[in-house]
Structure formats: structure tokens, C-alpha cells
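Feature annotations, reproduced from Swiss-Prot:
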COMPBIAS  12-24  compositional bias 'Pro residues'
COMPBIAS  25-42  compositional bias 'Low complexity'
REGION    41-71  region 'Required for interaction with MCOLN1'
TOPO_DOM  109-115  topological domain 'Extracellular'
TOPO_DOM  171-186  topological domain 'Extracellular'
TOPO_DOM  238-254  topological domain 'Extracellular'
TRANSMEM  88-108  transmembrane segment
TRANSMEM  116-136  transmembrane segment
TRANSMEM  150-170  transmembrane segment
TRANSMEM  187-207  transmembrane segment
TRANSMEM  217-237  transmembrane segment
TRANSMEM  255-275  transmembrane segment
Amino acid sequence: MERAPGSERRSPPGPGVPRPPPRGHAPSTAAPAPNPAPLSSSMQPDEERQPRISESGQFSDGFEDRGLLESSTRLKPHEAQNYRKKALWVSWLSIIVTLALAVAAFTVSVMRYSASAFGFAFDAILDVLSSAIVLWRYSNAAAVHSAHREYIACVILGVIFLLSSICIVVKAIHDLSTRLLPEVDDFLFSVSILSGILCSVLAVLKFMLGKVLTSRALITDGFNSLVGGVMGFSILLSAEVFKHNAAVWYLDGSIGVLIGLTIFAYGVKLLIDMVPRVRQTRHYEMFE
């Protein structure tokens, strides 16, 4: 049976045969898709550079948030333990030296009515206590990089600074109000020179170790030793000035007030900085 013309069944075009465009429309040529490789490669350096900038700006804060100091990335384990032992030796040396100087300075303060000598004696006691806190800080070998232990030591140092500064300022103001005149002799000179030199040397050692170990407690202990050295030389300065000009009797007490206020300001700054960090790192205790 023959089929009528036009009634043939048309098979759909195969996948390889393109469908002709409708009448009245020009054939559209598809534009080739852009290659995303150059774009991604051009953006990759910027994306890599941005994390590096942010990481460099918040490097130490990131490690402290995890309970570690920045020294954990700077020092190898054996290097950290070596510097920890050096910090312990310097702290023991500081305790012995400053304790002897404190006894001598208290003797000078009582015998010669020197407010600066009293202030130095109090600062020497503070140095003994701060060095003892540093001993506790580095007594545990496993806690050499512990941020929480570091901040606790700094908070204790801040409280001691406040108490000592109050005692120094009160004693100096009392001496100024009663017009106490310091006496000058060879013993006063010997104590002031010896204390100034020894405390300055201890301060340099503590600053160096504190920088390597990134320890705020060691740096604070070094600041305290530096104040002790300045007070030792101030005893010599005020005594020499009073020897040549008795009208400047207030220099000794004024130096005592100035040093006491300096210690007070440092203690307040230390507490403001460290108390929030103790709370932040209390869940990351790295010591037993």
C-alpha cells in the first residue's frame, strides 16, 4: 500500500545533526566560554597575600588565645629549656644580691634618715618578691611557653607594685613634711654605688632573657631592677647635692615620691593589661 505524499513519518534528527534555524532568524554563533584559569591565577596571589597580612598583624594574639606565648614558635625545645634555666639562675642571683642590698639600704635609711634609701630598700624587697615569682613562673619545665602561667605571674607583680609604691610615697611625703635632713658618709656612698651597678646589670640580663622568651614577667622584673639601679644612683646624687648645698634638702624626698609614682603607674598598667588575659587563657592551662 502506497503512502500519500507528505504523510511520511519523519524521524527525529540524530544527535550529530543540527536542527535548522527557523525562518526569519539569522543563525546565532555561540561565543566561546572564557577560560577561567587566567582569572583564578591572577586572583590567587591577592588571596594568598591577604591571609599573610592578617596573620602577621595578629600573630602573637593568635598563639596567646591558644594558651601559648610567641616564644613557642621562635625557640626549639632544647633552646627554650636552656633559656629557662638561665632565667632561673638570674632570678636566684637577683634574690641573693637584692636581699643583701635591701638590708644595707634599710640600715642607711634608719641611720641617715634617707627617704631615697628607704625607697630603694622597699624596691629591693619588691625585687626579691618579683624574682621569686619568676622562679615560680619557670619552675615547671613543661610550662615554659604557658601564657596563662605568665599572666598570673604578671598580675601578682602588679599587686606587689601597687603596695610597694604606696609605702614608698607615704614614707617620702612624711620625710618632706617633717623636713628630715639626710646625713652623708662613706657607708651611704658605698651602698648607693654598689646597688646602682648591680641592679643595672641584673636589669640588662632580665631584659635580654625576657625578650628571647617573650616573657612579660621577666621584663617586669627587669624594670624593677632598673628602678632599683636608678634609686641607688639617686641616693648618691641627693647626698652629694645636700653636701654642697643644704638648701636642697627636699631632693631626696622628691626623688622618693617620683619613683613611687612611677612604680604605681607601672603596676596599674600591668593589671589593666594582664587581668583580662588571665580570664581569656584560663581554659588553656599548660602546666600541672
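Using N, Cα and C of the backbone, Cβ positions are placed for all residues, glycine too.
Within its own chain, the transmembrane segment (217-237) has Cβ neighbours under 8 Å at 87, 91, 94, 98, 101, 108, 114, 116-117, 119-120, 123-124, 126-127, 130-131, 133-134, 137, 150, 153-154, 157, 161, 188-189, 191-200, 202-207, 209-211, 251-252, 255, 259, 262-263, 266, 270, counting only residues six or more beyond its boundaries. Highest Cβ pair count under 8 Å relative to the transmembrane segment (150-170), across stretches 88-108, 187-207, 255-275: 255-275. Mean pLDDT, taken over the topological domain 'Extracellular' (109-115), works out to 72 on the 0 to 100 scale. For the topological domain 'Extracellular' (238-254), the number of residues in each DSSP class (helix H, G, I; strand E, B; coil) is 11 helix, 0 strand, 6 coil.
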